[in-house]
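Accompanying notes for the structure given below.
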């Protein structure tokens with residue numbers, strides 16, 4: 001478990017029995033302030049200092065603070081309720097030298113990280129690196145609303161603010177080894193790919209992020225998108241939109257998608273959206289854990305630096321979540337994940353071999369016996385009827401997308417005009433109930449429109465695929481009928497040739513028997529001729545039988561292809 005309020009902790013004090021035994025210690029500037037929490041407790045009348053007061057025993061039953069003597073000593077002692085505290089500098093030192101041992105220690109017992117004493121200005125360190133190691137209590141100075149505190153509050157926001165988060169499976173199991181500085185995917189964890197963008201234009205992403213009610217002043221604004229997680233997943237100060245001057249009400253940032261191509265551990269990663277004005281002042285921010293993200297178009301409401309909700313300011317984004325696919329395996333992944341499965345087995349094999357670096361020109365199927373199935377399929381797709389149908393379908397799809405884009409632009413223009421009309425002449429627009437109602441209706445209208453567009457495009461694609469399937473089926477039936485006809489003609493000709501050969505062989509046999517000088521009598525010649533004719537007839541019967549069986553197999557193969 002990770003704990004949300006690690007600054008509050010309980011310690012046992014080795015003072016005489018007449019003194020206070022338990023203190024609540026809140027970390028602040030230059031250390032902690034202590035107050036007695038048992039001043040009204042009944043006096044302990046025992047005489048032995050080795051016995052523990054029952055009240056103290058009932059309070060200190062989950063964690064027993066002990067001095068840390070090393071990971072080997074802690075493992076040898078193996079007391080799960082022993083807890084040790086580390087300053088941030090000492091914790092970083094252990095992460096640098098014994099990272100895997102630190103993770104294994106946190107699987108067995110608790111650790112607490114507290115700010116170093118030199119932070120007299122109540123600044124904070126980055127807690128992410130200690131969360132990556134599984135440290136349960138990462139203490140911060142709560143009076144400072146800086147980036148570390150925003151990360152802390154954002155991480156625990158999606159558990160109902162109950163104060164606890166369950167660590168991932170690989171950080172709890174003793175049979176798993178985890179390096180918090182790993183750069184390759186962890187065993188059993190699927191790496192992810194995240195893209196942040198906003199709208200569609202003829203099937204392509206063209207914008208980065210759109211904002212709404214970011215400021216009631218005419219100031220320039222821009223947005224930064226960062227990711228925090230494992231060191232290899234952390235990307236800061238890299239993705240930033242262009243500045244939109246003089247528009248804090250509804251700016252649109254025309255950017256390419258912000259692509260986080262490879263996220264090794266999505267369970268530990270968070271996205272941070274930061275909105276700033278032209279002077280660098282923060283207008284709002286939001287921390288979103290990656291394992292709580294949902295793909296699609298989303299309105300992301302912003303928060304203040306102190307993580308307090310803001311009523312109207314928000315970002316309108318499209319979030320795309322995918323499985324990370326290494327370079328060179330994209331075609332293989334597409335072939336394996338195609339739900340329509342229209343590719344033939346041979347085409348799938350060709351794409352899989354291509355993913356391994358084998359070019360199509362290196363594959364020879366023409367010289368193979370009976371190995372022309374793939375060429376036949378390509379021949380059918382290259383026929384005039386099929387090409388004409390697919391070209392017409394592409395035009396229909398492009399026409400629909402243009403129609404959708406025109407409708408989106410029209411609605412967007414109308415929504416912006418409605419907001420500007422209501423907000424005109426008003427100084428305070430962020431808390432105006434009329435504007436809030438309009439925004440709610442516009443969000444509903446936009447969501448319904450996008451859902452309608454997706455359904456229409458999907459239905460058209462399904463119709464196109466069904467039409468292509470029908471055309472290919474008809475072409476295959478025609479090709480099959482043609483091949484059956486050719487096969488029957490070939491078999492018929494083979495029977496004719498065999499009969500002609502049989503007649504020719506009978507004449508030659510009769511001549512051979514008549515010219516044989518060893519046969520003295522007519523009876524001998526008749527017996528020899530009868531014997532040879534019987535052998536020839538038997539041989540021709542076998543040949544016709546084999547030919548018929550061969551034709552039957554070929555016919556079955558044509559009528560029932562595998």
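Using N, Cα and C of the backbone, Cβ positions are placed for all residues, glycine too.
TrEMBL: automatically predicted annotations, no manual curation.
Per TrEMBL, signal peptide is recorded for 1-20.
Residues annotated as domain 'PI-PLC Y-box' in TrEMBL: 56-172.
The domain 'C2' annotation in TrEMBL covers 175-310.
Marked as coiled coil by TrEMBL: 377-407 (among others).
Model confidence over the coiled coil (477-504) stands at 87, taken as the mean pLDDT rounded to a whole number. What TrEMBL lists as coiled coil is 477-504 (among others).
What TrEMBL lists as region 'Disordered' is 512-562.
If you look up TrEMBL, you'll see 512-546 (among others) marked as compositional bias 'Basic and acidic residues'. A Cβ distance under 8 Å defines the sequence-distant neighbours of the compositional bias 'Basic and acidic residues' (512-546), meaning residues of its chain 6+ beyond its ends; these are 495, 498, 501-502, 505-506.
Under 8 Å from some Cβ of the compositional bias 'Basic and acidic residues' (553-562) lie the Cβ atoms of residues 373, 480, 483-484, 487, all in the same chain and six or more residues away from its ends. The feature compositional bias 'Basic and acidic residues' is assigned by TrEMBL to 553-562 (among others).
Per-class residue totals from DSSP over the region 'Disordered' (512-562), listed helix then strand then coil: 41 helix, 0 strand, 10 coil.
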